[in-house]
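Peer 1: Feature annotation from Swiss-Prot assigns active site, proton donor to E127. Under the heading [4Fe-4S] cluster binding site, Swiss-Prot lists C13, C97, C195. Residues or ranges marked as (2E)-4-hydroxy-3-methylbut-2-enyl diphosphate binding site by Swiss-Prot: H42, H75, H125, T165, S223, S224, N225, S267. Among the features that Swiss-Prot reports, isopentenyl diphosphate binding site is placed at H42, H75, H125, S223, S224, N225, S267. Among the features that Swiss-Prot reports, dimethylallyl diphosphate binding site is placed at H42, H75, H125, S223, S224, N225, S267.
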Amino acid sequence: MRRVILNNPRGFCAGVVRAIQVVETALEKWGAPIYVKHEIVHNRHVVDDLKRRGAIFIEDLSDVPSGEKVVYSAHGIPPEVREEARTRNLFDIDATCVLVTKIHSAVKLYASKGYQIILIGKKKHVEVIGIRGEAPESVTVVEKVEDVANLPFEESVPLFFVTQTTLSLDDVAEITQALKVRYPHIITLPSSSVCYATQNRQEALRSVLPKVNFVYVIGDVQSSNSNRLREVAEKRNIPARLVNSPDHISDEILNYSGDIAITAGASTPEHIVQSCISRLKELIPDLQVEEDIFAIEDVVFQPPKELRN
């Protein structure tokens, strides 16, 4: 008998729930269309569902007619986007994750105090673009540990660092250690910039890896945190696949013996997880599912002020 060990927590985090609810509530309150700058979260199933209900996803505010309503995605935006919205008389609703907003505020604050800011993250990720936009002249993005050796700052320069919220804890630890060795005076926030949900999902997966021989991460290929989950397994020599649909699960799994772990990125709907489990049961009829509870998440974020009445 083979087992699927189903990680808990998995799937939607509080920031994703809030962001999706913002678009849903806006559609209920004002009707279609509701424009959304960037995909509200990085999951094709979520985006397609909201499109069917009247959301229009755009990358450039010039695609939003003057006076219309626009929602900013959970990943955040640079300040100039907000300014453009005001100039064009757009009614904007901010669905930026509360934890991302916290990093925006910290970057703005420390830049105003004269610090140079090191932002650990992927330069092209929309979250990093938004954070860097708070103080572009003061922010340097570090993507990998090798970048630390090339930083130009003298020891006399005050330094502050933060990270993208969806990074690998392994990578962040390595880069942070390199920063502290090179710049012992560097400071950061009292708690990690990597969000609680990213940490929980990675640590939950890590805790079951000694018990399994294969991992499925249910999530979108565009999802940073889903990709990092796949890497958690691969770095520990456990084969892992990132899939976003039961159609992506092949009979390849029959080539592997032993138990299977399943987790899901923070923007993955639970019904997709369950449909993937059903597909595995078709391939392995005697498969047993066991839930492994690593942590209980009860975080809830309030809606933006525009939607509170």
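Even glycines carry a Cβ here, placed using N, Cα and C.
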Peer 1: What's the longest C-alpha separation between any two of H42, H75, H125, S223, S224, N225, S267, the listed dimethylallyl diphosphate-binding residues, in angstrom?
Peer 2: 16
Peer 1: Want to know which recorded positions, from E127, T165, S267, are within 10 Å of C195 ([4Fe-4S] cluster binding site) at Cα; which are they?
Peer 2: T165
Peer 1: Among the binding-site residues listed here (H125, N225, S267), which has the Cα closest to the Cα of C13 ([4Fe-4S] cluster binding site)?
Peer 2: S267
Peer 1: Using C-alpha atoms only, work out the spacing between E127 (active site, proton donor) and H75 ((2E)-4-hydroxy-3-methylbut-2-enyl diphosphate binding site) and round it to an integer in Å.
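Peer 2: Their Cα atoms are separated by 5 Å.
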Peer 1: Using the alpha carbons only, what distance in Å do you get between T165 ((2E)-4-hydroxy-3-methylbut-2-enyl diphosphate binding site) and C97 ([4Fe-4S] cluster binding site) once rounded?
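Peer 2: Cα-Cα, rounded: 10 Å.
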Peer 1: Sorted by position, what residues of the same chain at least six away from H42 ((2E)-4-hydroxy-3-methylbut-2-enyl diphosphate binding site) have a C-beta under 8 A from it?
Peer 2: D220, Q222, S223, S224, S226, S267
Peer 1: When you rank H75, H125, N225 by Cα distance to C97 ([4Fe-4S] cluster binding site), which of the binding-site residues ends up on top as the closest?
Peer 2: H75
Peer 1: Taking DSSP three-state, what's the residue listed as 'active site, proton donor' in: helix, strand or coil?
Peer 2: helix
Peer 1: Quick check on the binding-site residues: of H75, H125, whose CB has the lowest count of neighbouring CB atoms inside 10 Å?
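Peer 2: Comparing Cβ neighbours within 10 Å for the binding-site residues H75, H125, H125 has the fewest.
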Peer 1: For a quick check of packing: other C-beta atoms within 10 Å of the C-beta of E127 (active site, proton donor), how many?
Peer 2: 24
